[in-house]
Amino acid sequence: MSDINSIFEIDYEQALTLTGFGWFHYRLLALCGLIYANTAIGITVMSFVLPSATCDFRMTSEDKGWLTAAPMLGMVVGSYFWGCLADTKGRRIVLIAALLLDGTVGLLSTTAQIFPIFMFLRFINGFAITGAMGICFPYLGEFQPTAYREKILCWMELFWTLGIVVLPCIAWLIIPLPLQFGTADGGIKFSSWNLFVALCSIPSLLLGLWLLYFPESPKFLIECGEPALALEILKDIYHINTGRDRHECPIGRLKESDRSNTIMETHNRSIRTFNIHDPKHMKILLPEIWEQTKALCSAEFRRNTALACMIQFGITTSYYTLMIWFPELFGRFEEYEKRYPNATVSVCDVSSIVLENVNDTLVDDFCGTEIDTKVYWHTLLLGIACIPTSLWLPLCVHRLGAKFFLIFSLLVAGLVTVGLAYVGNSTQNLILSCIFEALTSMGISTVYCVMVDLFPTNLRVMAAAFSLTFGRCGALLGNLMFGFLVDLNCLVPIVLFSIMLFGSAILCFFLPNTGTTALQ
C-alpha cells in the first residue's frame, strides 16, 4: 500500500482519510472549542460590566450603548484584517496573535480609570477576539475528513454554550465580593468587576500558548505551494491517531493545488515567507489580497458571498445586541418588581422606570446598587437553555441538514423576539429570552459550519471575514440603537430585530446544501 501511494499522488481528502480519525482530532476539537467558548466570554463579558461599573464610570444608558458598541466596532475593523492575514500568513499564527492580543489588552483594561480609555481598550478586545472567532472554524474544518467535518463543526455550538454558562458563574462568584482598592479622589481604583474582567482575559493567553503545540493547516500549506511540509504534518497526525511510526504512513506524495497561486508562479516562493513589515513584500502581497477579495465577488462566488453577508447581518444584529443587554434588562425587571409588586409590565414598560423615577439622574440613583442575585441566576439559565439545542444540532445535522437548523432557529427566534414586547412579568421575559438565546446561538454556529463548505480553502477565511464584517456592523448599529432607544421607545429595535431574523430565515432557503461535498 505504502509503495503504491509513494508512486501515485494522493489528493488532500484521500490523505486525510488515510491518517485516520482519533486522538489528534479530539485534541484539536477541544482546543478550537475552548477558543470558541472563550470568544463567547469575551463578547458577553460587557453584559455584567454594564451594571457593575455604572458607579465607577458614571454611565447613562447612552454611555452603556457606546460601551457595548465599542467591541463591535473593533470586530468590524478586525474581521477583514485578520481574514487577509490568515489567508496569507496562515491560520495558526494568526490565531495565536489574536488570542495573545486579546488576553493582554483585556488585562490592561482592568487598570483603566477613565471611561474613554476603557472603551478604547474594549475596542481593541473586539478587534482581537473577532480574529479568533473567524478563524477557529476554518482551522478546525480543514483537518477533518469529509465524513466527520459537518458533525465535528456542529459540536462547536456546545462549547459556545459552555462559555455562556461559565460567564455568569464567574460573575456570580467575583462581582458580589466586597473588593475595593484605591480612593475616589485619586489613584487607581480596583473593584470586584475589574477582577472579573481580568479573570475573563486569562484564558485567551493560555489558549494562545497551547496553540503553539499544534501544526499549521496542511490544506493551507498545499494552497501555498508547500506540499512537502503538509505531508510531514499529515504523518504526525497519522502517528498520533494510530500509534504507528511515521514511516508507516501510507501517504507518499500529495497533489499540489489545482488553483493558481500568482505569487508562487511569479516568485517561486510560498506566500507565507513574505514579511508584512517589508514595504517591498507588501507591494507583492496587497495585489494578491485584492485578487482574493475580488474573487469573492466573481460570478462563481458572488451569490454565496451575498447570502452569507446578509444572513450574518440579520442574525448577528439581533443576537449580539439582545444577548449583551439581557442582564441589564433582568436587573431592571427586578428593580421594577421590587417597587411595584405584582404589577403586570412589559420589557418596554420596565425600561421606562429609568426616566420616570430618577428624572435624568440615573447614575446617582443606582450608583452603588448591587446586582440582584436573580440576575446572575437568570443569565445562567440562558446558557443552560442552550444545552438541548447544542446537543440536537451535531446529533441530527446529517439527518435534517444544516439548512433546516438555520431556517427553523431563525423563524422561531423571530417569533420569540416579537413576543418580548408582549410579556407581562419577569418570568415570561426569562422564558422567551432563554428560547431566543438557545435558537439564535445555534443559528450563528450553524452559519459558521456552512461557511466552511461554501468557499474553497484559499478564500474560506477571507469569506468568513467579509461576512463577519457585515455581521459586526449590524451588531454595532444594534447596540448603539438599543442604548439610545431602550429608555425612550424600545419597541422600535425589537420590531427591527424580529424583521431581520425573519429576513435571514428566508435567505437561508437559497443556500446550497452543504456537508456532503469534499473540502476543496
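Each residue, glycine too, has its Cβ placed from N, Cα and C.
Annotation source TrEMBL lists domain 'Major facilitator superfamily (MFS) profile' at 28-515. Taken from TrEMBL, the feature transmembrane segment covers 28-53, 65-86, 93-114, 120-140, 152-175, 195-213, 306-326, 375-397, 404-424, 430-451, 463-485, 491-511.
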Residues of the parent chain within Cβ reach of the transmembrane segment (65-86), under 8 Å, 6 or more residues beyond its termini: 42-43, 46, 49-50, 59, 94-95, 97-98, 115, 118-120, 122-131, 134-135, 138, 276, 289, 292, 320-321, 324-325, 461-466, 468-469, 472-473, 475-476, 479-484, 486
Stretch contact, the transmembrane segment (120-140) with the transmembrane segment (404-424), Cβ-Cβ under 8 Å, 3+ pairs: no
Predicted model, mean pLDDT over the domain 'Major facilitator superfamily (MFS) profile' (28-515): 80
Which of 28-53, 93-114, 152-175, 375-397 contacts the transmembrane segment (404-424) most, counting Cβ pairs under 8 Å: 375-397
The transmembrane segment (306-326) versus listed stretches 28-53, 93-114, 195-213, 375-397, 430-451: most Cβ pairs under 8 Å: 430-451
Two-stretch contact, the transmembrane segment (195-213) and the transmembrane segment (463-485), at least three Cβ pairs under 8 Å: no
